[in-house]
Amino acid sequence: MSGFWQSMRERNRAGTALPADYAPPGGAAGVAGAADLSALAQRLFWGWALLAGVAFFLIWWMQRHGWWVRLIEGDPSGISLLIVLLGVVVTGWCGRRAWRLQAEAQPGLAQGWRARYLDELRRGQPEATALLSERTHGPHETAWWFAAATIKLGLLGTVVGFILMSMQIGQSQGFELAEVQKLLQQMTGGMAIALYTTLAGLVVNLWLGLQLLLLDRLADRLAADILADAAATSTVRGA
């Protein structure tokens, strides 16, 4: 969408809000009507609710079977727990965002992003399309950053784990059987940190990426529908 938004911003700066013959990417036939868009938004929100329900069920199941205790004891660095907490927070934000997009997709809203965009075009505001892009997609960029941070934290935990393992090897005083057994036990702690954090980072990153991808697709459809509405309004006035 970046090239599309850039071309629309250049049109606004040039003083032409929307041409009468404008059609969004994919053609007018590819843009869902207001009712279809609203139904799509509702399905996405309930789909998110289902995904969140599965996630919280897994959290409860892990707690019931003692996996959280194992995770905390196996990763004394706390990085794995931080990754999981970050995933829970971003998942909650995704639900709130899905609810907002669902509300904005309702047909016939007197106030909202659609009404604000049309009003800004009528007033000839040069950055109307840039503002629409920020409303529909801007907050997602921060959420994507946090999603990427989970896998980076996982890699950080891997590095920390291997550093601890190398430190234990460097502190070894000999290669007697008892010393080797003690060394292996100590190295297991570093390996556990590396594996737990990597696993947590990968799982949470995939989970958040799925939710944010769905939000991006809905935001794209909503923006295209608003632009098509503006183009239709411009055509009627031109006639």
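Every residue, even glycine, has its Cβ placed from backbone N, Cα and C.
From the options 20-38, 77-95, the stretch TrEMBL describes as transmembrane segment is 77-95. Long-range contacts of the transmembrane segment (143-167) within the same chain: residues 75, 77, 79-80, 82-83, 86-87, 89-90, 93-94, 97, 187, 189-202, 204-205, 208-209, 212, 215, each at least 6 residues beyond the stretch ends and with a Cβ under 8 Å from a Cβ of the stretch.
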